[in-house]
């Protein structure tokens with residue numbers, strides 16, 4: 001197995017230009033494909049997950065081309081040319097879930113599959129929602145999980161659609177992105193969320209981008225959404241992809257731990273991403289934070305001992321970036337408790353279990369629950385002989401790069417898994433640390 005040994009690191013300072021947001025990139029690609037007209041997408045993330053979406057769209061007959069760093073997508077006007085296709089979705093939840101909903105409305109024959117871990121990630125609540133409007137979707141493996149077979153069906157909407165919100169916000173996102181194409185006698189479509197909606201900021205991203213493509217959705221609290229029926233998606237002509245706020249978290253945390261200043265560019269206070277609020281959490285831990293519309297800068301604490309301090313935080317608003325806090329907690333005085341993170345269980349790996357296991361290898365005392373993690377720093381630090389496992393999870397690898405600020409070197413196993421969202425992460429990280 002390939003591995004990378006880092007540290008011990010003693011400083012962090014510099015400026016990082018962030019790659020595009022994964023969440024925004026794949027949403028924009030699908031919306032551009034469904035729209036009428038040509039869309040020029042600037043600063044699209046170049047990663048495994050976006051390549052999966054691009055390949056799927058090409059297989060479905062959607063034309064796109066690359067011009068320099070831009071991607072130009074020729075929209076299909078809501079009707080994919082190819083009505084039969086087998087699509088391999090890798091481990092890209094931001095691709096398979098919205099595409100499942102879009103394809104259910106296409107009147108075609110489609111099969112969607114992925115890597116083994118994808119076949120363990122739930123999709124049943126989305127399928128249940130689509131079946132309510134007449135979609136015909138069969139499971140080809142275990143009930144409630146991919147792979148899927150979507151068959152031609154007559155879609156009818158004559159009642160509110162109910163979807164669970166407490167497992168993944170991507171189910172709701174998928175319905176919001178595709179159901180406006182459907183017809184309804186009333187001219188409107190209602191979606192009711194069952195249970196507490198998690199990861200609300202990701203729904204804000206979806207609503208914001210839909211508006212850019214001409215689809216205005218009425219949100220009534222977080223329990224009900226009213227969509228236009230029979231709507232036409234219109235290309236905005238050109239759209240910029242923000243820098244990835246989740247990826248920003250590793251560099252901002254490095255600034256807090258390693259003294260800084262570390263500045264990230266491409267995301268700031270004008271961002272539509274919830275993970276931008278990660279900087280607020282660092283500030284609560286004692287770091288110095290400055291920000292503008294398109295940048296954030298972090299320096300270490302001004303305490304005499306230079307240490308951050310532990311906090312208790314409801315992480316529903318920063319579900320991905322909260323992972324970074326779990327590793328930053330190694331460098332804080334006292335215990336850090338992260339709550340409302342149940343969605344970690346159904347990500348690229350069971351992130352609560354994986355994070356707890358690897359933090360303990362470094363000597364931390366960790367308590368894990370169904371939806372929380374409690375971390376007390378190591379006394380003393382330990383170096384695991386077998387290195388830090390990354391579980392084929394890009395965020396595990398990037399998070400644990402921060403452990404290199406400890407007093408001992410740290411070995412990251414399978415560092416190449418960062419290709420899912422940030423292929424050159426470790427070289428960029430090396431450029432601002434030492």
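Using N, Cα and C of the backbone, Cβ positions are placed for all residues, glycine too.
Lifted from Swiss-Prot, the feature list:
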ACT_SITE  320  active site, proton acceptor
BINDING   22, 93, 121, 170, 351, 395, 420  phosphoenolpyruvate binding site
BINDING   22, 23, 27, 168, 169, 170, 199, 320, 347  3-phosphoshikimate binding site
Distance, residue 347 (3-phosphoshikimate binding site) to residue 121 (phosphoenolpyruvate binding site) (CA atoms, angstrom): 7
Among 169, 199, 320, which are recorded as recorded positions, the nearest neighbour of residue 22 (phosphoenolpyruvate binding site) by Cα: 320
Residue 169 (3-phosphoshikimate binding site) and residue 93 (phosphoenolpyruvate binding site), Cα-Cα, nearest whole angstrom: 11
Under 8 Å by Cβ from residue 395 (phosphoenolpyruvate binding site), counting only residues of that chain that are 6 or more apart: 246, 320, 323, 347, 348, 351, 421
Residue 121 (phosphoenolpyruvate binding site) CB neighbourhood, other CB atoms within 10 A: 20
Max CA-CA distance, Å, over listed 3-phosphoshikimate-binding residues 22, 23, 27, 168, 169, 170, 199, 320, 347: 18
Inter-residue C-alpha distance, residue 199 (3-phosphoshikimate binding site) and residue 420 (phosphoenolpyruvate binding site) (nearest angstrom): 21
For residue 121 (phosphoenolpyruvate binding site): DSSP state (helix, strand, coil): coil
Neighbourhood of residue 420 (phosphoenolpyruvate binding site), C-beta criterion under 8 angstroms, separation at least six: 47, 48, 49, 91, 92, 348, 394
